[in-house]
């Protein structure tokens, strides 16, 4: 009916929303395509720039037919990367290769680390003040790589670089809601640490609404959250890794970044950022987002004994991944 379409138009009226350009690097891939679709649906985006080494003109043409606010352009090949990035407010990076069964996130390292390094060089040149959302795995290493590249280029701003760990939060919420038997849309679970295996630490003691689950169930939920990626890799049996849930999580985090930029108060999400919350240089915890990216990195809050143990045991592995990234960047 006219009324409902008028209401939709009114609530999303673009006049009230500032112009925002979002660039997706790796837009033709398994995560990139659904992520491009979801960002096209976001009323906060006025310009959507899709980049990949190949295949992007098709994805861009397809997505551009959707009757939402943003103008879509597709770019491919290194010579078009600068134009894709210019003027971006948020750059989302799902570029790289996915995990196959039996592969660790470290096996991805050599390929994806090189890709991230060259993309970040271009960001430092063409849109140095953009908020960078890093999805390319291993995030525990690719975020430190990006930081080093930006430092060398003289454009590093710790407030503008994020490792996207939102999928860990999305999984923790889903799994917790299933066990606690509560409606999932009201559930919140902070997830801290890093973004691989045991470095993922869901804080179920802080989950809301509170359900007094027994210790063995908390342990099982923790393990399932940590192994969520592997669960999907195995289920896809050689056909890839989490793409749809990751695209959803990536779109959620990018939306939070855009809201922060637009001055929406109290936007808080977990993210892997430069941090002094622990002795490690990078760490995922709750972050308040605002007009400069990170407004505040929030502490861990009260932890259960099980979580304290988990925190201590994840630190050496997370530190090793961070150092591996820094070393690669400086080669």
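Using N, Cα and C of the backbone, Cβ positions are placed for all residues, glycine too.
Copied over from TrEMBL:
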{"type": "DOMAIN", "residues": "21-163", "note": "domain 'Lactate/malate dehydrogenase N-terminal'"}
{"type": "BINDING", "residues": "26, 27, 28, 29, 30, 31, 32, 52, 112, 135, 136, 137, 246", "note": "NAD(+) binding site"}
{"type": "BINDING", "residues": "99, 105, 137, 171", "note": "substrate binding site"}
{"type": "DOMAIN", "residues": "165-328", "note": "domain 'Lactate/malate dehydrogenase C-terminal'"}
{"type": "ACT_SITE", "residues": "195", "note": "active site, proton acceptor"}
Under 8 Å by Cβ from residue 32 (NAD(+) binding site), counting only residues of that chain that are 6 or more apart: 24, 26, 50, 52, 59, 94, 95, 247
Listed in sequence order, residues with CB under 8 A of residue 136 (NAD(+) binding site) and six or more positions away: 26, 93, 94, 95, 96, 112, 115, 116, 142
Candidate nearest residue 30 (NAD(+) binding site) in space, where candidates are the recorded positions 99, 137, 171, 195 and distance is Cα-Cα: 99
Using Cα positions only, nearest of the recorded positions to residue 137 (substrate binding site) (28, 195, 246): 195
Count of other CB atoms lying within 10 Å of the CB belonging to residue 30 (NAD(+) binding site): 20
Residues 26, 27, 28, 29, 30, 31, 32, 52, 112, 135, 136, 137, 246 binding NAD(+) per the record - widest CA separation, whole Å: 18
Residue among recorded positions 99, 171, 195 with Cα closest to the Cα of residue 246 (NAD(+) binding site): 171
Within the domain 'Lactate/malate dehydrogenase N-terminal' (21-163), residues counted as helix, strand or coil by DSSP: 62 helix, 28 strand, 53 coil
Neighbouring C-beta atoms (10 Å sphere around the C-beta of residue 246 (NAD(+) binding site)): 24
Mean per-residue pLDDT computed across the domain 'Lactate/malate dehydrogenase C-terminal' (165-328): 97
By Cα-Cα distance, the member of recorded positions 99, 171, 195 nearest residue 28 (NAD(+) binding site): 99
Those recorded positions listed as 99, 137, 195, and which of them has the most Cβ atoms within 10 Å of its own Cβ: 195
